[in-house]
Structure formats: structure tokens, C-alpha cells
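K.L.:
Okay, handing you the structure first.
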Amino acid sequence: MSEKLSIEESPAPPPPETSTSQEINHDLHHANDFIDLKNTLSKREKWFIVILIASSAFFSPFTANIYFPAIPTIARAFKKPIELINLSVTVYVVLQGTSPMFWGTMSDNMGRRPIAAACLLLLILSCVGLALVPASAYWLLMLLRCIQAAGSASTLAIGESFGTINLGAGVISDISTPAERGGFYGVYALGPMAGPALGPVLGGILTQGLGWRAIFWFLCIAVSLCLVVLLLFLPETLPTRQSPQSGLKILYKPVIPIIGLKPSIIEPSTPPKIATVALARKFQNPLLIFGRYNILLLLVINATSFAVFFGIVTSLSILFERTYPFLNELQIGFCFLSAGGTMAGGTGIIGRILDWRYKVEKNRLRRRLHDVGELEKRLGEESVKEVDKLPEFPLERARLSFLPASIFVMAGCTAGYGWSLQFGANLAVPLILQAFIGLVCMAVMNATTTLMIDLAPGQGSAVQACSNFVRCGLSAVVITIIQPIINGIGVGWTYVLFAGFVLTSLPWFYLEIRLGPRWRAIAPGSKSSTSDTTRKGELVSENP
């Protein structure tokens, strides 16, 4: 087997040797180490990596939700009104939305593994500080909550890209093909989705049994264990960081390398493909993502459903305590399991639906091309299964076609949820409606995030960071206005208003499905917008 590496020649004279050109030469020297993990890792190894990053992404929503049952106790300890302690939730959400903009881009440039470790370490230190914060230092509580949010949210950005920065979305983008990405993301989302389900329950148990400081000691121990596991087993998946210089290997190489990243383990009959990677990768501004209309629509759709769901969760304790006075704090904590449980339990199902819909669209396009005699002509006899690489493949329809009907379900359940609390219906009614709301919200988040990763390969962390920014920004607005609206027009009409807000995302679905392929064709890096020649500064592989 021989690998042919070519770099487009520039007509200008070669520039003098600089640190950038030395970096390029180093990458060229180690080009054989840039393995396309999508094709070389086994399915079992990919699942192992997904489970690792899901465990770290769990702590972003978990850290936010475990805090809710302790708010009254913390208010009494600090001798502050509930409104001031609620500000610690607001600043947490704001930092959770903004910090991944920084962490996600760093993970796309510096690698997934070192940024994930840094975020978890920051989270550990902030939890220690919160466990020891004096009750007289309200300002320190607010500051440490900001630091805690920055560390926990950034772990999402790696993976999913909402906090643990691109560890989720970024890593999944590194190791998966579009056909299998939906299933991987569905299982990965179990981590973030389990947080809202388990957080309030454990928060209530710890606060009632050991006091509010026990929450942060528990987080410190749990996150420390997660960090140790990641350092021991998680490999670096970003192609440009798979072959670090000797002095940096401790940052990028796992202590126990059980994942087969080395080319030597691959069978000779199936030579690995060298990943197409930018050699001198520039620091990319994640805000540029907002300039892509197809991704911007998906960000709005994603944020709309999540903001409504977050409004339901944040007001749950107050509304349930008022409507069902026979519930104590611990029992109210268990009520969070309804929505959080369906979100966590439904991720695998939604992931399978996404993969199934993708295969359906592939088969449909393959049959259509075969009927007109263009299949082999367009792709060749050996590549007839790769119809999803053609520009006319309906990627947007494959990912989103089942969601508009779900939006109607979510809107109806949201309105019903409000009126069930308004009239004091049986406790089972709002819990069941809440479960459906959580399930649809999770489906929207999974499908839109998977599509955004498809549309921006190599920028998974930046995409997820932008998603987190819009999602948390809109959620912060909802947190601010929901109680005044309830006081003004009542619970029932408040959630009718939120149901209408959910329905506003319907036009964006149809616009994305209709115009998305056209926007995708003119996006930077698409086949339609670039020439067939190799771009300068990229590695190109040709297998004999």
C-alpha cells in the first residue's frame, strides 16, 4: 500500500521558513498518522468513545438541575430573598450559553481531549469553592456559579457542543459517517438528557439528608471520577492532533490506549484512508456560523423548543407546590423524572428513527437514479451505495421530515399542561403531558443538532457552541418573563402563549427542507462552491 500526498502548488515563490510553515512541514512529516477514524475504528470502539463523552456531557445539565431543590435552603443560609438566589440560576444559564463559544472553537483547533480535561478540572475546582463558600459572601456564590457554568457547559460543547465543548458533537463528527451519526448522537444525548431527570431527585435527597453543601461535594467526587476515566481511556479524535509532538503526548494520548487508532492494527486488505485535514488550521470565529442561513434556522428551531421546555422545568417547583400542597420537596423532586425520564429514555429511539429515515432517502434516490440509468454513470460501479454524497441528496428531508407533526403534539401538550395546573387536575395529568413535551423537545434537539453537524463537518464544536448560545439566551429570557406573565394572565393562558411560541417554528421547518439544499450547495467548502483542484494547505489521499 502506498499513500500519495499532494499539495496544490502556488505560482508565487515559496515564503521564508516561518513557524507556520514549520508546523505544516511537521504535519506533512506525520501525515500517515492522520487516520480517517470514520473508516478505521470498529463499531465497538466508536460506541465506547460515545459512552465516554456522554458521561462527561451528563454534568452540564445535571449541575444545573441538582441545584433547584436547594434554592430555598440556600436562601435561608445566606439570609437572602429567593429572587436574589434565583439570580444564581440566571447567571449560570447566561455563562452556560456564552462560554462554549470560546471552548468549542478551541476544541476544534487544539483538540478534544485537552479541552475536555480542562473543563472538567475547572468544574471540580468551582464545586470545591461552592462547598466551602461562607454564607456571608453572596458575591462569591455568584462568581463561583459563573465559573461552574463555564466549566460544565463547555464539556457539552466539545461533545455535543453545548458545554462539554465538542467533546460530544465534535467527537461524534470526528468518528462517525452521516449514515450512523443519528444513532450515535441519540445515545450520546442520553448523558445530557439524564441530567434533568436525576439532578432534582439527588438534589432533594442530599439537601434534606446532608445539607446543601453536600450537593457540591458530591459533584466534586463524581466529576473527579469522570476526569480520571477520560484521562485513562479517551483518545484524541481531532485529525490534526492525533500525532502530537513528544512533549505534548500526555495531553493527547490516553494513559491506557485501548482504542485502536494506530494504522498497524488495520488489516492489510483494507488500507486506511488518510483524513483530509487542514494543515495550518486557523482559529475560526464560531460567530461566522450565524451567517449560514440553513444553520441559523436550525438554531432557532432548536432554541424555541428548548426554551419552552426549560420554562416548564424552572417553574415546576413553584407551581406544583401551589397546586398540590400535599407534596413535599423530595416528592416534587421526583416529579422532574416525568419529563427528564422521557428525554433520556427516548434518545435511543429517536437516534434509530434518524438513521432509518436517512437510509430511506438513500434508497429512494438510488432507485430514482437507477431507473434513469445514471446511477453507475454518476458514482461508478464500486460506489453505487454512496448516493448520499451527491449534491441532490435530500439531507434536510432525511433529518427533519418527521418533526413538524411532533411540533403540533408539543404545542397541544404545553397548552394542556397549563390548564391542568390552572384547574388542579389529577397529578398524573400534568406529569403525562410533561413527559410528551420532554420527548418532543429531545427529538427536535437531536434531529437539528445531527443535521447541523452534517452541514458543518469539522466544526462540530463551534456549531454546538452557537446552538448553546442561542438556546441558553432564549431560555434566560423565558426564565425572566415567565413568573410576571403567570402573575398577570394566569397559568393556563401563559402556557397557551408558550404553545403558540412553539408553533412559530413550523415555517422554519418547511423553509429548511425547501431551501436548505440550495443553501447547502453554495455554502463554503461545498462541491458547488469550490473547484475540483486541491485547496492549498490540505492533505489529499488516493488509495491505489
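Heads up, the Cβ atoms here are built off N, Cα and C, so glycines get one too.
Owing to the predicted nature of the structure, the values given are computational and were not obtained by experimental measurement.
Look at TrEMBL and you will find 533-544 tagged as compositional bias 'Basic and acidic residues'. What TrEMBL lists as domain 'Major facilitator superfamily (MFS) profile' is 49-517. Sequence annotations record features per position, and here TrEMBL assigns region 'Disordered' to 1-23, 524-544. Taken from TrEMBL, the feature transmembrane segment applies to 47-68, 84-103, 115-141, 147-172, 184-202, 214-234, 295-319, 331-354, 400-419, 431-456, 468-486, 492-511.
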K.L.:
Sequence-remote contacts (6 or more beyond its ends) of the transmembrane segment (400-419), Cβ cut-off under 8 Å?
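P.N.:
Distant contacts of the transmembrane segment (400-419): 305, 308, 312, 353, 357, 425, 429-430, 433-434, 436-437, 440-441, 443-444, 447-448, 451, 491-496, 498-500, 502-503, 505-506, 509-510, 512-513.
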K.L.:
Any chance you could find the range in 431-456, 468-486, 492-511 with the most Cβ pairs under 8 Å to the transmembrane segment (331-354)?
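P.N.:
Out of the listed stretches, 431-456 contacts the transmembrane segment (331-354) most.
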K.L.:
Please identify the stretch among 115-141, 295-319, 431-456, 492-511 with the greatest number of Cβ pairs below 8 Å relative to the transmembrane segment (468-486).
P.N.:
295-319
